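Asks: Quick one: the structure is below, questions incoming.
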Amino acid sequence: MQGVPGFNTVPNPNHYDKSIVLDIKPLRSLKPVFPNGNQGPPFVGCPPFGPSSSEYSSFFPFGAQQPTHDTPDLNQTQNTPIPSFVPPLRSYRTPTKTNGPSSSSGTKRGVGRPKGTTSVKKKEKKTVANEPNLDVQVVKKFSSDFDSGISAAEREDGNAYLVSSVLMRFDAVRRRLSQVEFTKSATSKAAGTLMSNGVRTNMKKRVGTVPGIEVGDIFFSRIEMCLVGLHMQTMAGIDYIISKAGSDEESLATSIVSSGRYEGEAQDPESLIYSGQGGNADKNRQASDQKLERGNLALENSLRKGNGVRVVRGEEDAASKTGKIYIYDGLYSISESWVEKGKSGCNTFKYKLVRQPGQPPAFGFWKSVQKWKEGLTTRPGLILPDLTSGAESKPVSLVNDVDEDKGPAYFTYTSSLKYSETFKLTQPVIGCSCSGSCSPGNHNCSCIRKNDGDLPYLNGVILVSRRPVIYECGPTCPCHASCKNRVIQTGLKSRLEVFKTRNRGWGLRSWDSLRAGSFICEYAGEVKDNGNLRGNQEEDAYVFDTSRVFNSFKWNYEPELVDEDPSTEVPEEFNLPSPLLISAKKFGNVARFMNHSCSPNVFWQPVIREGNGESVIHIAFFAMRHIPPMAELTYDYGISPTSEARDESLLHGQRTCLCGSEQCRGSFG
């Protein structure tokens, strides 16, 4: 019909209406079809082989909880109760027992919906939230029946589980958009998508701490902080609320982000000199005096009231040329304010903030690690600067500041697997024919086709999605060693440290911040026959066993949030031809020091690559969520299934668990 915009109507660029969303099917939603012959066939056993002896080097050993502070309750609204279901896990969901009735209303729970949310809500029109300075793209309206799994009350007041879930779902969508669109706008587009679909929490502005966010948590964009309520401004450095006292209204500062790029901002971990907002010169205006309004006025009022202000410190991201990492450094008190002339000659407001006592170190830890890396100070308790003796691409420190132990028991360090039995494809392995590097979207690459048409990594280090198995390029592939599909075979990407724990032996942590999906290491050792290790408790302490029962969790993106057919969702269950058993007692790498946790921050992923005409399985570890420096790296060891306990809920491990998590199941192994 004339005058009615249809599917083939070309809009007038001078009269563009953003309320009209074109129904255009993107190319990334079309799944390519490849011949069955290019798909990887099943595996069978084949004769053993192992790495050369040059890969090994011998290693010889040489002869609290944050208190709660009472703060004035200055929050604007208090009538929304915090949900009673507050799982403490910040990494992934596990099955929980509920006393209430199970949902039987027939309402479909959306993918990634937090368990425990069974309320049925009326369908409501979803729009992008009206956030100040929010730079998000116009996104396509999704189906009105999409269920975010987050109730209205949970959007106002969150908890640790909801914060973890929102951040995990956001980053999963961001990774997928980056994988298929190859643009830098994936972050803002992912944020707009989640906001328009109600995937967020802690929307109620508040003074003081934010439920579910801990001191030391790190973020890789301001939008992440906005989604979980830590700092609602995506551009402005000062966030505030309007507090009502009778008929009077008064603004109070809730949080600030210190980017470290303004003159006078101190780098002291216990105090901060913060510059006010406004008055900056740009292409449309000259510099001017700052005014006592908006955020500046809110900081002045908070100085007078004495309320705590959340402080987020921004630091350069070493892995990105332009990116930043934001560290939540806890609550600060404003001690004084003044006005001084800036470099432009205009008046600038200055505020001194002092960190409140009794909080765990966050930014202070960050600055200490920077000094260790630069060689300005020596790591306390350092035993060896590199226990790998050069076997890894990066040194791995050995540290003990707990007792007099000088090192772990003797073992030979190796950076890869030693196979006594290998897995072989029933058909010959076919490598790619790429020159230089395998490119995203190149469907002529056989290695990419094995990964269902996608390059599994971003920037050669970040895993996009968990898969039944991932295929990497092998020796017969002509692509060079820096190919983005050669990740686990190129060694460590982060500076790691083996350290002595207080009650669990030796552990592993990183000096670098780890973004969700970051490759950490593979599990190196000797591949063993199941029958030779069963019952050997001493050797079992250094065994990785794929046949164990592991807690399930959701990590991948939700297809509905990236405009993909739900039937194309990538399965997260691993698909191995037979159980893989690796012993790291005699031969191993840093992975042998990773402790178990029932609430881990690391997960494992099978990776296959060709070697000498055979397809060999490797076990790679990736960050489950953003991990700050000096946080212990842990994964789920699983529980060995027994004939007496077929029901997973009745499984009991061989060793007592000391992870200390509130979700601790009591045993593992």
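Glycine is no exception: its Cβ is also placed from the backbone N, Cα and C atoms.
Pasting the feature list from Swiss-Prot:
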type	residues	note
COMPBIAS	65-82	compositional bias 'Polar residues'
COMPBIAS	93-107	compositional bias 'Polar residues'
DOMAIN	430-491	domain 'Pre-SET'
BINDING	C432, C434, C438, C445	Zn(2+) 1 binding site
BINDING	C432, C447, C473, C477	Zn(2+) 2 binding site
BINDING	C438, C473, C479, C483	Zn(2+) 3 binding site
BINDING	R504, G505, W506, D540, Y542, R592, N595, H596	S-adenosyl-L-methionine binding site
BINDING	C598, C657, C659, C664	Zn(2+) 4 binding site
DOMAIN	653-669	domain 'Post-SET'
Asks: Across the domain 'Post-SET' (653-669), what are the DSSP residue counts per state (helix, strand, coil)?
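Replies: Reading the DSSP string over the domain 'Post-SET' (653-669) gives 0 helix, 4 strand, 13 coil.
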Asks: By CA distance, which of the binding-site residues (C473, W506, N595) lies nearest to C664 (Zn(2+) 4 binding site)?
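Replies: Answer for the nearest of the binding-site residues: N595.
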Asks: Quick one: mean pLDDT on the domain 'Post-SET' (653-669)?
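Replies: Summarising the domain 'Post-SET' (653-669) by its mean pLDDT gives 80.
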Asks: Which state, by DSSP, holds N595 (S-adenosyl-L-methionine binding site): helix, strand or coil?
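Replies: Going by the DSSP assignment, N595 (S-adenosyl-L-methionine binding site) falls within a strand, counted as strand.
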Asks: Please list, for the domain 'Pre-SET' (430-491), how many residues fall into helix, strand and coil according to DSSP.
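Replies: DSSP composition of the domain 'Pre-SET' (430-491): 8 helix, 7 strand, 47 coil.
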Asks: Within 8 Å of the Cβ centroid of the Zn(2+) 2 site residues C432, C447, C473, C477, which other residues of the same chain have their Cβ?
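Replies: So the extra residues in range turn out to be G431, C434, C438, C445, S446, E472, G474, C479, C483, N485.
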Asks: Once the DSSP letters are reduced so that anything not helix or strand counts as coil, what is W506 (S-adenosyl-L-methionine binding site)?
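Replies: Looking at the DSSP assignment, W506 (S-adenosyl-L-methionine binding site) belongs to a strand.
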Asks: Please work out which residue of R504, R592, H596 has the most C-beta neighbours within 10 angstroms of its C-beta, and give that one of the binding-site residues.
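Replies: Per the Cβ count, the most surrounded site is R592.
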Asks: What subset of the binding-site residues C434, C445, C479, C483, H596 lies within 10 angstroms of C657 (Zn(2+) 4 binding site), using C-alpha positions?
Replies: H596
Asks: Would you identify which of the binding-site residues C432, C447, C479, C483, C598 has the most other C-beta atoms lying within 10 angstroms of its C-beta?
Replies: C447
Asks: What binding-site residues among C432, C438, C447, C473, C659 are found with a C-alpha within 10 angstroms of that of N595 (S-adenosyl-L-methionine binding site)?
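Replies: Qualifying among C432, C438, C447, C473, C659: C659.
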